[in-house]
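Shown next, in structure tokens, is the structure this report addresses.
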Amino acid sequence: MSVSNLLENWSKFRHTHPVDDKGHPDWEAYPSDIKWAMSIDLDACTGCNACSVACYAENNLPVVGKEKYSHGQAMHWMRIERYWDESAGVGEFDADKGARFLPMMCQQCEAAPCETVCPVGATNHTEDGLNSQIYNRCIGSRYCSANCPYKVRYFNWYNYPEQEKVWPEPLNQQLNPDLTVRTKGVMEKCTFCKQRTYTARNNAKTEGRPVQDSDVQTACQEACPVGAITFGNLFNPESQVAKQWKSQQVELTKEVQDKDEKEGNRLRGYRILEELRPYPSVMYLERVRESAV
Amino acid sequence: MGKDIREDIAWAQINKDVLKSLESPRKLYWVILLVAIAMVGVAVGCEIYQYNVGLGVGNFDNPNVWGLYIATFIFWIGMSHSGTLLSAILHLMHADWRKPIYRFAEAMTTFSLMTAGLFVMVHLGRLWQVYYALPYPSERWVWPNFQSPLLWDAMAIFTYLSSSVLFLYIGSIPDLAICRDNIHQGWRKKLYSILALGWEGTDRQWRNFRITYLTVACFLIPLAVSVHSIVASDFAMSQQPGWHVTSFPPYFVAGALYSGCAAIITLFIILRYVFRFEEYMTLPILKKTVRLTFAIAMVWTYLNCIEFAATWYSHDEAAKAVLIEKATGRFAPFFWGMIFCGSVVPFALMVKKWQTSIPVMFAVSLLLNLGMWLERWMIVAPTFSHGYYPWTWDEHMWPSMVQWGIVFGSFGWFTLLFMVFCKVVPSVSMYEVKEMVYHRSLAKKKEEQAVKEELAAKGAN
């Protein structure tokens, strides 16, 4: 690196925070025609955990074992949260009354709290609207996880591939070659199956056409037996996810959704912890049916 | 109150007394040193284990990603502030009672900053990549993220540490020259000769020295305030309930001065005994330090009340839940322990008889610092275990012995550095004590003169 390099103006390569000065995500800062987004229908979700298992297989997640799991050190990028129904009074829960499930993964916030706090810039916003995580750059300060309201970032407390031997021969043969395994001391999280979306984008580019819904499915979406998960390009008005967001009157750049009053009662779409203004990219569809017992 | 220093100590006697501390301390000195080394051994063992196996051995989990390390890091940063208060702020305010004790307070600043720096390293998941956080030119043209409060933190601490070392060194030059002139053989002679930078005590040297010292003192004061404000920003700039508090920067600075003053009392008592400094570190000086500590304790208590009230009356339900969790949940004993040690115990400092009682003040100062450590822990831990997202609430994760071992050992590390320093560099500033004695003797002469004149005038009448 020479001195003249240092003196050049590199500011154009700097990451622009999506809500800089505007109060809401600014698409002009992103000359991109792709914004990956998701919608999850909680009415359809049965809590079967297939998405979680698929995620483990697709993203080379270490299975940490019973002891570490009970220590809260599980690496489930996609987790199914189970909530018992309230029975008689407030705060009384009864397993026999039924349960509700919520699949939770990185919400790929547009104004992500995790991005600004990383001291080394290991987590950044990509032009297709994801929070990237650069494993090689991460020094493990865990500030991103500290500032994440959803706590969906997972830290490698141990050296799982080598020291903990989570994939003993021949299990290592089933690792996904499209992405790495992570060593100890780095943070990781859901990437919306980046290895798949990039392949889809490249294929579409080669064929000279925009990305379509049929090009890519995330592992969780693919595995979901009831089709509760929809994934796609929010900027493409023809995509399933864009249609769902629109029909639910949920807008990415709105912090409070001003829903049509007439339709209001029938709408089920919401985003979790929206009031903190992270502008998450995952819309959940409220559940209307009775709880499963 | 008695005299804070006798005005008839001969200058040669001051040299002799202080230089003796470099050669023959009481036996207790060696006991302290050995205990400190053993404590460092514990920490080094824990760190080697953690480094090799991974941070998981410290018992961290998904919500509780920061443990005791960050809390103890804030504790050590905080402790450093009173050195600057005593040496720089009180220097500008011409409070000359600080003169016999500011040198060791400034050394405390430097060494507690060094200890805090170690905690940054211990905390990191990939310690071996710590240089990524430095803005160094690399062939990959990658810079650290200047938006991150953690980066501001690293820079603020680095600046503060380097300025404190400079300030400590500049202030000791005349004393190092005295050491050079009075110690006649061995490696020490060579060391002092180099460090004294050819100091001869000419008028020109003294003039330059005064100006330099004053300049660095002025430079250091805003740093002392900014460093802990920036440490507070680590929390205040985040979005988490219980951290996102506007009053955090002044609250942190007050807490820092508080724990620092308490530590000064502890070290005052230890040094006074170990190095036989009874003539210089006198009880009236202890009394003044104690009063200063009490004032800061009340400021801290007030800011604490502001924080609780602001949380309680705000409509931030999550922050309120964290506060309730702190006061009633698993952390309750530690939370109330903090309130007791930080806000109730300092009232012992008001009792006049206790202000100059060495055993009482020793115990109280230790309790105050325990309270301040608990305060830092109570800032960091409950927000993790009771954050925004109920599904991840986890009050049951407890720091393992590895974490406790490293925290324990850090006290040994600080003591080790500090004690070695006090044996190599005079921990009482000889030239400033001489000034103090000189001013006192002048004042006394003036007084006697006035009495004489009065008598003469009476006689004339």
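Keep in mind that glycine also has a Cβ here, set from the backbone N, Cα and C atoms.
Some features that TrEMBL has for this protein:
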type     : residues  : note
TRANSMEM : B:28-51   : transmembrane segment
TRANSMEM : B:66-90   : transmembrane segment
TRANSMEM : B:111-131 : transmembrane segment
TRANSMEM : B:151-170 : transmembrane segment
TRANSMEM : B:211-231 : transmembrane segment
TRANSMEM : B:251-271 : transmembrane segment
TRANSMEM : B:292-313 : transmembrane segment
TRANSMEM : B:333-351 : transmembrane segment
TRANSMEM : B:358-381 : transmembrane segment
TRANSMEM : B:401-422 : transmembrane segment
The transmembrane segment (B:211-231): which same-chain residues, six or more beyond its ends, come within Cβ distance under 8 Å?
74, 77-78, 80-81, 84-85, 87-89, 91-92, 149, 152-153, 156-157, 159-160, 163-164, 166-167, 170-171, 249-250, 252-253, 255-256
What residues elsewhere in the chain lie close to the transmembrane segment (B:292-313), defined as a C-beta under 8 angstroms and at least 6 residues from its ends?
242, 245-248, 250-251, 254-255, 257-258, 261-262, 265, 319-320, 322-323, 339, 342-343, 346, 349-350, 365, 368
With CB pairs under 8 Å as the measure, which of the listed stretches B:66-90, B:111-131, B:151-170 comes out on top against the transmembrane segment (B:28-51)?
B:111-131
Under 8 Å between C-beta atoms and at least six residues away from its ends: which parts of the chain pack against the transmembrane segment (B:251-271)?
32, 74-75, 77-83, 85-86, 101, 104-105, 108-109, 112, 225, 228-229, 231-232, 245, 277, 281, 285-286, 289-290, 292-293, 296-297, 299-300, 303-304, 306-307, 342, 358, 361-362, 364-366, 368-369, 372-373, 375-376, 418, 422, 427
Quick test of the contact rule: Cβ under 8 Å, at least six residues beyond the ends. What residues does that give for the transmembrane segment (B:111-131)?
47, 50-51, 55, 66, 69-70, 72-73, 76-77, 79-80, 83, 154, 157, 160-161, 164, 263, 406, 410, 413-414, 417-418, 421
